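Colleague: I have a structure here, written as structure tokens, and I will follow up with some questions on it.
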Amino acid sequence: MAHQAHAYHMVDPSPWPLTGAVAALLMSSGLAIWFHLHSMTLIVLGMILLILTMIQWWRDIIREGTFQGHHTPPVQKGLRYGMILFITSEVFFFLGFFWAFYHSSLAPTPELGGCWPPTGLTTLDPFEVPLLNTAVLLASGVTVTWAHHSLMEGERKQAIQSLALTILLGLYFTALQAMEYYEAPFTIADGVYGSTFFVATGFHGLHVIIGSTFLAVCLLRQVLFHFTSDHHFGFEAAAWYWHFVDVVWLFLYVSIYWWGS
């Protein structure tokens, strides 16, 4: 590589944006084929290619930042802005679901019986599993903050323990959510209530799984001595994402489970 007289990272040529684009094409085409022809071959192929792309792309980023020293302060600043903009885009993504929910519930149409929840629909008790889920996610927010402070203070063992605890709480939340879906007295096909409930809580659940995976990678990197007390943006990004997931759940709980029922 030629000598560069600036602190910015000139990225090497990479095949992963191309393979990622092909994976996206396969998955979107595969989704249409699955809906109409009931064949999952293409969507599964797309998913496998996407997972392989993500693993290898992120492996390259870890190599560049941890072992090659490309993540200088200006580069880290750019990554921070990128993560902030990504989380902002996610906020607007969920805003659409809340909009759909409030549009339907604040002025219920005669087809719904003029009331909310719609006539004849049994809702979930907000003070049972949903309240436990709220407590679990809030506790995980505390443990991820504990992990961050341990990391900044060089308390390696505490950082590993608190990070592992956060991941366990995330998995517990996912298991409780799966159980709740399995036992729910309504389905996604039960009108606008069922569709807004399952789409909003389902996408949140997907974000919890993504966040847990993100934190699991950080745990592995912490075990392998990748992070130092002043160079750990990978973990910081995961913590920001986890807090975002936390806050979205609080809005979901208050809006859909408590007020909406």
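Keep in mind that glycine also has a Cβ here, set from the backbone N, Cα and C atoms.
Keep in mind the model is a prediction, meaning the values are calculated, not measured.
Straight from Swiss-Prot, here's the annotation block:
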type     : residues : note
TOPO_DOM : 1-15     : topological domain 'Mitochondrial matrix'
TRANSMEM : 16-34    : transmembrane segment
TOPO_DOM : 35-40    : topological domain 'Mitochondrial intermembrane'
TRANSMEM : 41-66    : transmembrane segment
TOPO_DOM : 67-72    : topological domain 'Mitochondrial matrix'
TRANSMEM : 73-105   : transmembrane segment
TOPO_DOM : 106-128  : topological domain 'Mitochondrial intermembrane'
TRANSMEM : 129-152  : transmembrane segment
TRANSMEM : 156-183  : transmembrane segment
TOPO_DOM : 184-190  : topological domain 'Mitochondrial intermembrane'
TRANSMEM : 191-223  : transmembrane segment
TOPO_DOM : 224-232  : topological domain 'Mitochondrial matrix'
TRANSMEM : 233-256  : transmembrane segment
TOPO_DOM : 257-261  : topological domain 'Mitochondrial intermembrane'
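Could you give the neighbours, burial and distances for every feature on this list?
Modeller: Residues of the same chain lying 6 or more positions beyond the ends of the topological domain 'Mitochondrial matrix' (1-15) and with a Cβ under 8 Å from any Cβ of it are 57, 60, 64, 70-75.
For the topological domain 'Mitochondrial intermembrane' (35-40), the list of distant contacts is empty: no same-chain residue at least six beyond its ends comes Cβ to Cβ under 8 Å.
Residues 7-9, 79, 231, 233 of the same chain lie 6 or more positions beyond the ends of the topological domain 'Mitochondrial matrix' (67-72) yet place their CB under 8 Å from a CB of it.
Long-range contacts of the topological domain 'Mitochondrial intermembrane' (106-128) within the same chain, counting only residues at least 6 positions beyond its ends with a Cβ under 8 Å from a Cβ of the stretch, are 180, 184-186, 190-194, 253, 257-258, 260-261.
The list of residues near the topological domain 'Mitochondrial intermembrane' (184-190) in space but at least 6 beyond its ends in sequence, with Cβ under 8 angstroms from a Cβ of it, reads 121-124, 197-199.
Residues 62, 66, 71, 151-154, 159, 218 of the same chain lie 6+ residues outside the topological domain 'Mitochondrial matrix' (224-232) yet bring a C-beta within less than 8 angstroms of a C-beta in it.
Residues 101, 105, 116-117, 123-126, 130, 197 of the same chain, all 6+ positions outside the topological domain 'Mitochondrial intermembrane' (257-261), place their C-beta atoms under 8 angstroms from a C-beta of that stretch.
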Colleague: Please figure out which one of 16-34, 41-66, 73-105, 233-256 racks up the most CB pairs under 8 Å against the transmembrane segment (129-152).
Modeller: 233-256
Colleague: How many of the residues that make up the topological domain 'Mitochondrial intermembrane' (35-40) does DSSP mark as helix, as strand and as coil?
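Modeller: For that range the per-state counts are 3 helix, 0 strand, 3 coil.
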Colleague: Can you work out which residues elsewhere in the same chain, 6+ from the ends of the transmembrane segment (16-34), have a Cβ less than 8 Å from its Cβ atoms?
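Modeller: Same-chain contacts beyond the ends: 40-47, 49-50, 52-54, 56-57, 60.
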Colleague: Within the same chain, where does the transmembrane segment (233-256) have neighbours whose Cβ lies under 8 angstroms from its own Cβ atoms, ignoring anything closer than 6 residues to its ends? I mean 6 or more beyond.
Modeller: 62, 65, 71, 76, 79-80, 83-84, 87, 90-91, 94, 98, 101-102, 126, 130-131, 133-134, 137-138, 140-141, 144-145, 147-148, 151, 166, 170, 196-197, 200-201, 204, 207-208, 210-211, 214-215, 217-218, 221-222, 226-227
